[in-house]
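Undergrad: The structure under discussion is supplied below as structure tokens; questions concerning it will follow.
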Amino acid sequence: MSSLLLDNIGELVTNTAAGEGPLGIHRDAAVLVEDGVVAWVGPNGSAPAADRRIDAESAAVLPGFVDSHAHLVFAGDRAVEFAARMAGQPYTGGGIRTTVGATRAATDDELRATAHRLHAEALRQGTTTIEIKSGYGLTVVDEARSLRIAAEVSSETTFLGAHLVPAEYADRPDDYVDLVCGPMLAAAAPYARWVDVFCERGAFDADHTRAILTRGQAAGLGTRLHANQLGPGPGVQLGVELGVASVDHCTHLTDADVDALAGADGATVATLLPGAEFSTRSPYPDARRLLDAGVTVALATDCNPGSSYTSSVPFCIALAVREMRMSPSEAVWAATAGGAAALRRTDVGRLAPGSQADLMILDAPSHLHLAYRPGIPLIRQVLHNGVPQCRP
């Protein structure tokens, strides 16, 4: 058994009931890690001996970020589309087809290089658990290979064959849904933990969404959903009805949508993706409204080449505080424990005996600095499964 002691922690965020406030903060604390798992959390003066030691030098220590919504397997970029949008052209989601064409044309090694590069980029910024979706292949072969590559990077992989109806099926959406529910799902399921649908105007309607999620669930996959990004729609309430783990975007919500999420009592998380609103110059979700209603909220990057090309959870925390009326503590919780809830994980997003030893040391005395000092590389060191990773 190998052990590691992280001591002289000025502020330790645990996300447990044992500490101070909703973040479970401990002051002047230490953490003992044994074989990649947290074995003990307590006062610095009572810290047990260990094989190795890391001195936090009075800095803040947090659980690793849990990014529960990302798209890392793709080819090309859409910088020109971004520039055009900033010049006043509205985003309608059609640009996804540009990435589909590039992804289909790319080699496995090219897709693999992008996925690994973005994963490493996220890790340097404190993300130790990341969900990765397919959705830029939209053929049986390309969706399966996208998920196979994603599975090399993360155990949290999501089949998103229902990202958009591809051009070759534009006049036959029902036929494409049959393909997604049949051969595509069969090819993708061995590499996926989740199934997702983009339930939105111009993509998939409620009937198609229900059919795909129901079939995916029957194949043993958990369910998640993109909904209510571009406008009001049936997605949020349908997601709650079907018991999906997370409804993502939630930008345009009715009172009935909020009531449905609140009534789910945490079983369906509202995952907010402020990077998408930043990059599309769109209205931000009203996180305050959701939190005040008792909805469980997660924050994620939506890292993708079209509408949110960022892998930085700290950037999304700053946006959430500045633009979505979240407190810094609420935003940090949403990016750690909230993300874990969106993935139905209890072993990450918190620091307590038995949890995975995924954590970060900040170059700051408090978690507040993540929102207070936007754009500054505050992650001093990241540990994943108790193993120090490359420094930023």
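Cβ atoms here come from the backbone N, Cα and C positions, even for glycine.
Per Swiss-Prot, Fe(3+) binding site is recorded for His69, His71, His226, Asp302, and the stated evidence type is sequence analysis. Per Swiss-Prot, Zn(2+) binding site is recorded for His69, His71, His226, Asp302, and the stated evidence type is sequence analysis. Positions annotated as 4-imidazolone-5-propanoate binding site by Swiss-Prot, on the basis of sequence analysis: Arg78, Tyr136, His163, Gln229, Ser307. For Tyr136, Asn304, Gly306, the entry in Swiss-Prot reads N-formimidoyl-L-glutamate binding site, with the evidence type sequence analysis.
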Undergrad: In sequence order, which same-chain residues at least six apart have a C-beta under 8 angstroms from Gln229 (4-imidazolone-5-propanoate binding site)?
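TA: Listed in sequence order: Glu200, His249, Thr251, His252, Ala276.
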Undergrad: How long is the line from the C-alpha of Asp302 (Fe(3+) binding site) to the C-alpha of Arg78 (4-imidazolone-5-propanoate binding site), rounded to the nearest angstrom?
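TA: On Cα coordinates alone, these residues lie 15 Å apart.
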Undergrad: Near His226 (Fe(3+) binding site), which residues of its own chain have a C-beta under 8 A away, given they sit six or more steps off in sequence?
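TA: Asp196, Val197, Phe198, Cys199, Glu200, Gly235, Asp248, His249 - these are the non-local Cβ neighbours of His226 (Fe(3+) binding site), listed in sequence order.
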Undergrad: With Gly306 (N-formimidoyl-L-glutamate binding site) as the reference Cα, tell me which of the binding-site residues His69, Arg78, Tyr136, His163 is the closest one.
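TA: With Cα distances computed to Gly306 (N-formimidoyl-L-glutamate binding site), the winner among His69, Arg78, Tyr136, His163 is Arg78.
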Undergrad: Distance check, please: Cα of Asn304 (N-formimidoyl-L-glutamate binding site) against Cα of His71 (Fe(3+) binding site), rounded to an integer number of angstrom.
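TA: So the Cα of His71 (Fe(3+) binding site) lies 5 Å away from that of Asn304 (N-formimidoyl-L-glutamate binding site).
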Undergrad: What Cα-Cα separation, expressed in whole Å, is found between Tyr136 (4-imidazolone-5-propanoate binding site) and His71 (Fe(3+) binding site)?
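TA: Each residue's Cα considered, Tyr136 (4-imidazolone-5-propanoate binding site) and His71 (Fe(3+) binding site) end up 9 Å apart.
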Undergrad: Can you tell which of the binding-site residues (His69, His71, Arg78, His163) has the fewest other C-beta atoms within 10 angstroms of its C-beta?
TA: Arg78
Undergrad: In the same chain, outside His69, His71, His226, Asp302, whose C-beta lies within 8 angstroms of the Cβ mean position for the Zn(2+) site?
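TA: Residues close to the Zn(2+) site, other than His69, His71, His226, Asp302: Ala70, Lys133, Asp248, His249, Leu273, Ala276, Ala300, Cys303, Asn304, Ser308.
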Undergrad: Other than Tyr136, Asn304, Gly306, which residues of the chain come within 8 Å of the N-formimidoyl-L-glutamate site, judged by Cβ distance to the Cβ centroid of those residues?
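TA: Here the non-site neighbours turn out to be His71, Phe74, Arg78, Gly95, Ile96, Thr99, Gly135, Pro305, Ser307.
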Undergrad: State the three-class DSSP label for His226 (Fe(3+) binding site), counting H, G and I as helix, E and B as strand, and everything else as coil.
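TA: SS state of His226 (Fe(3+) binding site) = strand.
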Undergrad: Which whole-number value in Å describes the distance between the Cα atoms of His71 (Fe(3+) binding site) and His163 (4-imidazolone-5-propanoate binding site)?
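TA: Pair distance, Cα basis, whole Å: 11 Å.
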